[in-house]
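A short write-up of the structure that comes next.
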Amino acid sequence: MGTSPSSSTALASCSRIARRATATMIAGSLLLLGFLSTTTAQPEQKASNLIGTYRHVDRATGQVLTCDKCPAGTYVSEHCTNTSLRVCSSCPVGTFTRHENGIEKCHDCSQPCPWPMIEKLPCAALTDRECTCPPGMFQSNATCAPHTVCPVGWGVRKKGTETEDVRCKQCARGTFSDVPSSVMKCKAYTDCLSQNLVVIKPGTKETDNVCGTLPSFSSSTSPSPGTAIFPRPEHMETHEVPSSTYVPKGMNSTESNSSASVRPKVLSSIQEGTVPDNTSSARGKEDVNKTLPNLQVVNHQQGPHHRHILKLLPSMEATGGEKSSTPIKGPKRGHPRQNLHKHFDINEHLPWMIVLFLLLVLVVIVVCSIRKSSRTLKKGPRQDPSAIVEKAGLKKSMTPTQNREKWIYYCNGHGIDILKLVAAQVGSQWKDIYQFLCNASEREVAAFSNGYTADHERAYAALQHWTIRGPEASLAQLISALRQHRRNDVVEKIRGLMEDTTQLETDKLALPMSPSPLSPSPIPSPNAKLENSALLTVEPSPQDKNKGFFVDESEPLLRCDSTSSGSSALSRNGSFITKEKKDTVLRQVRLDPCDLQPIFDDMLHFLNPEELRVIEEIPQAEDKLDRLFEIIGVKSQEASQTLLDSVYSHLPDLL
């Protein structure tokens, strides 16, 4: 029997699903295996990196042995031999070691903390004693001083710490401080409106707002018939709401009558108290307890208060002998609302106005810099390097001759152009080096590629353009770019050129010539071999001979990989470590202080007891390192190399 088309389609789809599931499972298993292998390899790598070693001279055999360092908190009580491992012992009381080491004695802890300082860290096997000031005090001139107390009206702007004093500031508008304190900030005024209260007395920088209750009339029992709310006219006059339209003497009678026409009616209806006497005569004799609040009224409005009294009294008469369950609220009286639209004070807004102005100036500078840079990048150097130098000389103080002579090293009466030397060696790598030096775009690289025929011409033009684009171009940056692209052979050629006794062969420094105006015109020389090379036979002036070549960090960078040779002019003082290299290390250490103890621990086996005593007497760690350079530098090249390796391993920023 034949199969139907629908069944064949279903079988095909099932097979595709099965294949996808199988592929997914295989990929998942491979990922799991890769993850497990990575996680198992990491502990092994960490374990191998945790173990440090040191070198020890066996006094019995005179051999230099490599021993494992002791962990932190211990010291080497017995060094290793050919048949035994080193023995570590715990640091005794009063001593410590922070790192793994190969020393024979732990470091002494610092002196006990002088009064009133307290111990922040105790003296232990792993840590030195650290002192600090107690709470409420800060360190000032090697002693502790109490934090400043902010007076009344002032609050804490910045809390004090162990090393800084308290900073106070005057309470701003809307805040106050009523107690002197060294920890409290200014507090905000009490919000009377949120508590259904009014401000009776506004706050100041030293006091809070004084709030009061709203005026209200409350009665425990309703007035009985025949009993007036105000039994005497004097009482009514005492508690009568005063009016802002008070009629002084000398006012005409019509105005006074019209202003008082309302109150006589109210008083007469109250004072007469002629209410029909029903069966509640006994209750009429009962006393009526009334509470009339004594308020401080600030502003009074005549119209609303009088209308309130007219509405209030008839309601009291109508509810004769019944108790009033609803309190009678009076008009809202309180402190007048402060005027929100006050005069503009320039002193209050001056700080943020200055900040906005500085931000505006910064934005303008950034925009102008970006536009100038974009115009420079768009132009693209399609002309020869000599024209580039001439155009750059119109805008900069440095002339083309000065810029060219900056990269020329004079040796035996001949001027050797460093840029030509590098251009002749890098070949097609000039693109990567040029992009690394000045972040050039593909368009600029293409301009050099299309403008010249040979790679050394393109490289020389690109390097000259790099030196013209910014005055910060230096030999140190060029060497860094060469090392970045693994051209240490070119760096060694430059290094050999700068050495006094090393002479480079002329044919190795020769740069192929072309009819293009690439090479600067050298001074004629009778030697035909020098005419076809990149050597410039320019006799330097006495000033040029005396001044250094590239006054920057170029020379330490050239010699950071090893100690200088014994024939170098920089090592003629008997030291295997050049002065420039030592000064570079010490300058970096003084700029960025760090823990130098591991370096001293690594070099202990090279020092005799007298040298160790001399170094221990020096108080500053940087001066100790300087003295260590002087001592180790004259011992041997192996000791000098060990010191440099230790410095570069513990201070990686120097690389």
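Glycine residues also receive a Cβ, built from the backbone N, Cα and C atoms like all the rest.
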Cysteine from Cys70, Cys80, Cys91 that Swiss-Prot links to Cys88 by a disulfide bond: Cys70
Cys171, Cys192 - which one Swiss-Prot pairs with Cys186 by disulfide: Cys171
Disulphide pairing with Cys123 per Swiss-Prot - partner from Cys109, Cys113, Cys133: Cys109
Cys113, Cys144, Cys150 - which one Swiss-Prot pairs with Cys131 by disulfide: Cys113
Disulfide-bonded cysteine for Cys144 as listed in Swiss-Prot, from Cys133, Cys168: Cys133
Cβ-Cβ under 8 Å with the transmembrane segment (350-370): same-chain residues at least 6 beyond its ends: none
Cys123 (disulfide bond) in three-state DSSP notation: coil
Distant-in-sequence Cβ neighbours of Cys106 (disulfide bond), under 8 Å, six or more positions away: Thr74, Tyr75, Cys91, Pro92, Thr95, Phe96, Thr97, Ala125
Between Cys144 (disulfide bond) and Cys67 (disulfide bond): CA-CA distance (Å): 46
Nearest recorded site to Cys70 (disulfide bond) by CA-CA distance, among disulfide-bonded residues Cys109, Cys150, Cys171: Cys109
Per-residue Cβ crowding (10 Å cut-off), top of disulfide-bonded residues Cys144, Cys150, Cys168, Cys211: Cys150
Largest tally of Cβ atoms lying within 10 Å of a Cβ, found at which of the disulfide-bonded residues Cys67, Cys80, Cys88, Cys113, Cys133: Cys133
Other CB atoms within 10 A, centred on Cys70 (disulfide bond): 24
